[in-house]
Amino acid sequence: MAAYPESCLDATVLNFVADLSLASPRHPLLCEFPPGVPFGDRTLGYREGRPGRLSQFDERYQEVEGDEVEYEDPEEEEEEGEGRGRVASLLGRPKRKRVITYAQRQAANIRERKRMFNLNEAFDQLRRKVPTFAYEKRLSRIETLRLAIVYISFMTELLQSKEEKEAS
């Protein structure tokens, strides 16, 4: 206890630690574990009333990874040579891994390069239309968009004020 400063060790903290170490059921933050349930069981959250995933509501479902779950049908007899369960999405359809070929990846890279080229060209055209000082460095995309918004607003107000003067 000498490693902790005295201010951190008030009576509440010491009582809580003592209750934890003695497994006293009188502390409100402690919960009783049913017999036979290992500590950290995923179904424990459901028993405590916490919202959980599908695997917590039915023991036939087991989480595999991400949004995938593995369903084990207790009535279905499987042989050793077959798979030990079907991996399915949450919609119940079989999960099929998408295989991307080298040619598809190359085509996607070309499309992405073309998209970025067109986007950069559009920003360059916008930079030429928006007035800036000649000695300024090249504006970033966000600076270009913000300056364009200000410029368009200014030009709109200028036109509206000119129309009001002509009308009166």
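The backbone N, Cα and C atoms fix where each Cβ goes, and this holds for glycine too.
Pulled from Swiss-Prot, these are the features on record:
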COMPBIAS  65-81  compositional bias 'Acidic residues'
DOMAIN    103-155  domain 'bHLH'
REGION    65-88  region 'Disordered'
DSSP-assigned states of the domain 'bHLH' (103-155) in counts, ordered helix, strand, coil: 42 helix, 0 strand, 11 coil
Stretch-averaged pLDDT - the domain 'bHLH' (103-155): 93
